[in-house]
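Annotated in TrEMBL:
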type	residues	note
COMPBIAS	9-20	compositional bias 'Basic residues'
DOMAIN	135-218	domain 'Methylated-DNA-[protein]-cysteine S-methyltransferase DNA binding'
REGION	1-30	region 'Disordered'
Ligand SMILES: [Zn+2]
């Protein structure tokens, strides 16, 4: 058996952790030039979602990482509400966070007035116009604004819509995997050209994708 040469790894000395006190937990997400980001834990029909928002818009929204296909139990009757918030400043519940809760609440109830509501504000990382934006940001922008409730699009078609002559399915898949804002940027509506639903969250949350597509009437229950 060939011996494997040892790999050199640099180990950075760790700073000792400060003991945790009784102060409120503080969000450790990166700062935004619009202000501090607060982190909200939301109860939703697809389990706990974490929402990070600055005063101007949402940075991230997603189911907890611990939710996967083995333990996913949808609770259709769960009201969307803020369970806890971890804050960096004074604990304000930012307007984009409240709008997001309202939007998600209507979304999960299949309330027709959802279509009259604008998407909750997403922080400026997605506000770039298509011109000069990266392929990933164009893909996410088009998905958020052009693929509506109850519609689906294939990876390749979304790639072509975003300026790739070949469709760049793999790059689109990577963009979906890195989607920072679950549901509002509806990567669950991106499916394979064959009609197979494809992966969600790298394949760990495919049952959630099926459930969302059933909720929107794309798949039969
Ligand atoms: Zn921001």
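Including glycine, each Cβ sits where the backbone N, Cα and C put it.
Unlike curated records, TrEMBL annotations are generated automatically.
Per DSSP, the domain 'Methylated-DNA-[protein]-cysteine S-methyltransferase DNA binding' (135-218) is made up of 44 helix, 7 strand, 33 coil. On the 0 to 100 pLDDT scale, the domain 'Methylated-DNA-[protein]-cysteine S-methyltransferase DNA binding' (135-218) averages 94 in the predicted structure.
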